[in-house]
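Working notes, structure below.
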Amino acid sequence: MAIELLYDADADLSIIQGRKVAVIGYGSQGHAHAQCLRDSGVEVVIGLREGSKSSEKAQEAGFEVKSNADAAAWADVIMLLAPDTSQAEIFSHDIEPNLKDGDALLFGHGLNIHFELIKPAVNITVGMVAPKGPGHLVRRQFVDGKGVPCLIAVAQDPKGEGKDLALSYAAAIGGARAGVIPTTFREETETDLFGEQVVLCGGLEHLMMKGFEVLAEAGYAPEMAYFEVLHEMKLIVDLIWEGGIENMNYSISETAELGGYVAGPRIITPEVKENMKAVLADIQSGKFVRDMVADVEAGQPELKRYREEIAAHPIEATGSKLRDLMSWVKNPLDETA
């Protein structure tokens with residue numbers, strides 16, 4: 001089924017220009033949304049919790065910073081860009097008591113609405129504007145007169161304005177310059193979680209670690225194992241990102257290309273595909289999110305345990321040592337330590 005693509009000519013920028021927008025959160029996406037909205041002639045304030053380290057950054061950028069509750073009371077469009085695990089609490093404590101008839105509540109990701117962790121009143125427009133790129137890219141492309149493609153969706157539309165409002169907002173952050181794709185909260189949420197868990201984060205992470213273990217256990221130097229299964233990953237991913245799998249195969253040696261064809265199906269077997277389907281089923285049923293919420297309520301012991309296990313894996317110590325040799329590689333964790 002062909003997707004619908006919408007552009008600036010399809011959007012009415014005056015819709016969002018006529019609203020007062022509170023951006024809740026000033027992280028990667030929050031700073032980009034706020035600055036692009038302001039440059040597009042939209043009245044914007046930033047909502048942050050008391051004591052947030054982002055307050056100074058937002059004020060230095062020229063924004064008025066309010067508490068989450070005061071920002072919600074002031075605005076008639078609220079974009080909630082806090083972390084997924086914080087959104088339900090922010091909504092119930094700060095936003096919900098301050099919602100007014102006709103307000104719109106927007107999200108950058110559909111998880112909390114799709115899995116009903118947040119349930120706005122029926123008189124509230126609920127939509128999503130999700131750029132398919134990190135905030136710094138959204139901002140840079142906007143400044144350059146371009147844009148990052150956006151997904152939009154509507155979950156509640158009491159006034160029949162949801163799609164037009166979401167499209168107007170997407171245009172104001174540059175998305176309609178590149179293309180805006182209407183979708184649903186369900187589709188965005190479930191495919192996003194699946195991609196993260198099966199390929200981008202969980203799958204890739206464990207593929208690299210297992211490859212490292214096989215080489216190290218076979219007697220090869222850990223440094224060589226790191227180079228071959230992790231360091232060179234960026235080279236390959238960049239080729240795929242730029243031109244697809246065909247471009248990657250075109251760009252590598254014939255030896256590497258043939259080896260990939262021969263060995264790939266031995267690693268990613270039909271059983272692996274069945275495991276992927278099982279992960280998708282856990283996402284669709286809500287099991288993953290229920291488990292995540294339970295972990296958050298318990299103080300995140302599971303998340304902390306997983307982090308400790310990864311930090312203790314020898315691939316991390318080996319990588320840290322080797323990256324010290326690479327002056328062109330900067331570790332963001334070093335800057336926040």
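Glycine too: its Cβ is placed from the backbone N, Cα and C atoms.
According to Swiss-Prot, the domain 'KARI N-terminal Rossmann' annotation covers 3-183, on the basis of sequence analysis. The NADP(+) binding site annotation in Swiss-Prot covers Y26, G27, S28, Q29, R49, S52, S54, D84, T85, S86, Q87, G135. If you look up Swiss-Prot, you'll see H109 marked as active site. Summarising the annotation, Swiss-Prot assigns domain 'KARI C-terminal knotted' to 184-329. Swiss-Prot lists D192, E228, E232 with the feature Mg(2+) 2 binding site. Residues or ranges marked as Mg(2+) 1 binding site by Swiss-Prot: D192, E196. Summarising the annotation, Swiss-Prot assigns substrate binding site to S253 and lists sequence analysis as the type of evidence.
DSSP assigns D192 (Mg(2+) 2 binding site) to a helical segment in the three-state reduction. Less than 8 angstroms from the CB of Q87 (NADP(+) binding site) sit L80, F107, N112, L117, I118, each of them six or more residues away in the same chain.
In this structure, the CA atom of S54 (NADP(+) binding site) is 21 Å away from the CA atom of H109 (active site). Secondary structure of the domain 'KARI C-terminal knotted' (184-329) per DSSP (helix as H, G, I; strand as E, B; remaining residues coil): 124 helix, 0 strand, 22 coil. Closest in space to D192 (Mg(2+) 2 binding site), of the recorded positions given as Y26, T85, H109, S253, is H109, taking the CA atom of each residue. With respect to their backbone Cα atoms, R49 (NADP(+) binding site) and E196 (Mg(2+) 1 binding site) stand 28 Å from each other.
Here the candidates are the recorded positions H109, E228, E232, and by Cα distance the one nearest S28 (NADP(+) binding site) turns out to be H109. Neighbour counts were taken at the CB atom with a 10 A radius for the binding-site residues D192, E196, E228, E232; the maximum falls on D192.
Proximity of Y26 (NADP(+) binding site) to non-local residues of its own chain (separation of 6 or more, Cβ distance below 8 Å) is seen for A34, I46, L48, S52, S54, S55, K57, A58, F63, given in sequence order.
The Cβ of S28 (NADP(+) binding site) has 16 neighbouring Cβ atoms from other residues within 10 Å, across all protein chains displayed. Here the residue listed as 'active site' comes close to D84, M128, A130, E188, T189, D192: these same-chain residues lie at least six apart in sequence, with C-beta atoms under 8 angstroms from its C-beta. The shortest Cα-Cα distance from E228 (Mg(2+) 2 binding site) to any of the binding-site residues (T85, E196, S253) is found for S253. When the binding-site residues S54, T85, S253 are compared by the number of other CB atoms within 10 angstroms of each CB, S253 has the fewest. In this structure, the CA atom of S253 (substrate binding site) is 14 Å away from the CA atom of E232 (Mg(2+) 2 binding site). All protein chains considered, the CB of R49 (NADP(+) binding site) has 17 other CB atoms within 10 Å.
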